[in-house]
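As recorded in Swiss-Prot, the features of this protein are as follows:
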- 5-24: transmembrane segment (TRANSMEM)
- 34-51: transmembrane segment (TRANSMEM)
- 58-80: transmembrane segment (TRANSMEM)
- 95-114: transmembrane segment (TRANSMEM)
- 121-138: transmembrane segment (TRANSMEM)
- 153-170: transmembrane segment (TRANSMEM)
- 177-199: transmembrane segment (TRANSMEM)
- 212-234: transmembrane segment (TRANSMEM)
- 241-263: transmembrane segment (TRANSMEM)
- 273-292: transmembrane segment (TRANSMEM)
Amino acid sequence: MDFIAILIGLGPLLGWGLFPTIASKFGGRPVNQIFGATVGTLIFAIVLALFKGIGLPGGMALVFSLISGAGWAFGQIITFKAFELVGSSRAMPITTAFQLLGASLWGVFALGNWPGITNKIIGFLALLVILIGARMTVWTETKQQEYSKNLRSAVLLLLVGEIGYWIYSAAPQATDIGGFKAFLPQAIGMVIVAVIYALMNMSKGNAFKEKVSWQQIISGFFFAFAALTYLISAQPNMNGLATGFVLSQTSVVLATLTGIFFLNQKKTSKELMITIVGLVLILVAASITVFIK
């Protein structure tokens, strides 16, 4: 593993770490955020496809790639709704924890990961630590009824959103399509869902004509940059899948801290300390789940 590989592996730290903060900073409704983000991702994917000479796949590879992108868009819409309730700095550790749990459980029960009783015990204990870490990131010193209600609603929303993120990661595994080949059709699937969602919400305003929707394209560039650098990082001649995944999960730290300091999603000193400990627990436990043989 060389310096260049590490730099590329940290690309998702910047892309996925800043994506929720930038999307929240531009503001707008979830429909504005998802439309702009998916259009930005599609633009990025088209440029990449033209640069590398990658065409659209055919057959079921195309279908599952479109479904994958649609799943992400569904999950991200739900996540944007959770941002409205508790802010990105609190929602991101929760959704990251749920995604780690979903990916790990899928790997165990569908792909045969963590063979043997000992590995399964270690793995499930690590998942428990991830949940504890996520809970620590939303702890507050003052018990406010409205916050507790919003937090419960956000957690339920993010649980539902995990279905979409699971589809995003699992659907391409139904074929032998590579990450680069799937990138463009995934982006197309994302935009299709975003357009449908925007049409369904026309009674609340025309997202296609609202300036903030087009500003959100910038947030989409950050998401797409993270996705691309993750694909490169996960290659065997770079960091490999396991190390690349762990490096990418550091994005939750940046997403949480930038939400606190740049979006004024304030925490007391004690809350901030407990949040940081919770984030460390999530990262350490996530690393354990990946490196279990």
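Think of each number as a place in line: the chain as shown, counted from 1.
Each Cβ is built from the backbone N, Cα and C atoms, and glycine gets one as well.
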Take the transmembrane segment (212-234) and find every residue of the same chain, 6 or more past its ends, with a Cβ under 8 Å from one of its Cβ atoms. 5, 8-9, 11-12, 14-16, 18-19, 22-23, 26-28, 31-33, 35-45, 48, 179-180, 183, 187, 198, 240-241, 243-245, 247-248, 251
CB contact flag for the transmembrane segment (5-24) and the transmembrane segment (121-138), at least three pairs under 8 A: no
Spatial neighbours of the transmembrane segment (58-80) not adjacent in sequence (6+ beyond its ends, CB under 8 Å) are 20, 23, 30, 33-34, 37-38, 91, 95, 157-158, 160-172, 174-177, 181-182, 185-194, 197
How about the transmembrane segment (95-114) and the transmembrane segment (273-292): at least 3 CB pairs under 8 Å, pairs 6 or more apart in sequence, or not? yes
Mind checking which residues reach the transmembrane segment (177-199)? Cβ under 8 Å, same chain, six or more beyond either end. 31, 34-35, 37-39, 41-42, 44-46, 48-49, 52, 54, 56-57, 61-62, 64-74, 77, 168, 207-208, 213, 224, 227-228, 231, 234
What residues elsewhere in the chain lie close to the transmembrane segment (273-292), defined as a C-beta under 8 angstroms and at least 6 residues from its ends? 93, 96-97, 100, 104, 113-114, 119, 122-123, 126-127, 129-130, 132-137, 139, 242, 245-246, 249-250, 252-253, 256, 260, 267
